[in-house]
Amino acid sequence: MIYTLFLFALYSSISYAFANDFCGANLKGSNGPSGYECKPSNTVTVDDFVFSSFVAGNTSGIFNAAIIPAFFTALPGVNGLGLSVARLDLAKGGFVPLHSHTASSEILIMVKGEITAGFITPAATYQKTLKPGDIMVFPQGLLHFQVKSGKGKATAYLAFSNPSPGA
């Protein structure tokens, strides 16, 4: 019990979200382990909590993929909340190469098309072809990938357990 209280007190002291109802990121301020320092409350606007660019990305690059991140630099309202989101668009032949997020777990939510996705552990590879309505979790720090499968384009939404997931 004392251990739990200690951890709660420690987390409370280092997280801006516990000290405030919200903490719009002051991107001109310092960035620490719990995010950016908070903007003065009189300078926070609704635009700190709205991201209007969550639209299909340009998939004509080398990977035939587009990732539109809504991390704290684009959506300052997620600062201190421990989460962020992104949109993934894959064209025919598109893929997201093997990568990991050192600071975050990831959830992929299929919206359109099909994606074969998976992650690798020292003991096994876990992969599945995902269709609209499917959700897949990628544990923090594990190598994972997404490859366009099936016909047409694919769209998925990604959620991360950190406002800056790292790659």
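Here the Cβ of each residue, glycine as well, is placed from N, Cα and C on the backbone.
TrEMBL: automatically predicted annotations, no manual curation.
Noted in TrEMBL for the protein shown:
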- His99, His101, Glu106, His144: Mn(2+) binding site (BINDING)
- His101, Glu106: oxalate binding site (BINDING)
- Cys23-Cys38: disulfide bond (DISULFID)
- 52-167: domain 'Cupin type-1' (DOMAIN)
- 1-19: signal peptide (SIGNAL)
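Reduced to three states, the DSSP call for His101 (Mn(2+) binding site) is coil. Rounded to a whole number, the distance between the Cα atoms of Cys38 (disulfide bond) and His99 (Mn(2+) binding site) is 31 Å. Taking only the Cα positions, the spacing between His101 (Mn(2+) binding site) and Cys38 (disulfide bond) is 25 angstrom. In the predicted model, the domain 'Cupin type-1' (52-167) has a mean pLDDT of 93. Summary for the binding-site residues His99, His101, His144: the Cβ-based neighbour count within 10 Å is maximal at His144.
Shown are the disulfide-bonded residues Cys23, Cys38; the one with the most C-beta atoms within 10 angstroms of its own C-beta is Cys23. In this structure the alpha carbons, written CA, of Cys38 (disulfide bond) and Glu106 (Mn(2+) binding site) are 25 Å apart. Neighbours of Glu106 (Mn(2+) binding site), defined as other CB atoms within 10 A of its CB across all chains, total 21.
For Cys23 (disulfide bond) paired with Glu106 (Mn(2+) binding site), the C-alpha to C-alpha distance reads 23 Å.
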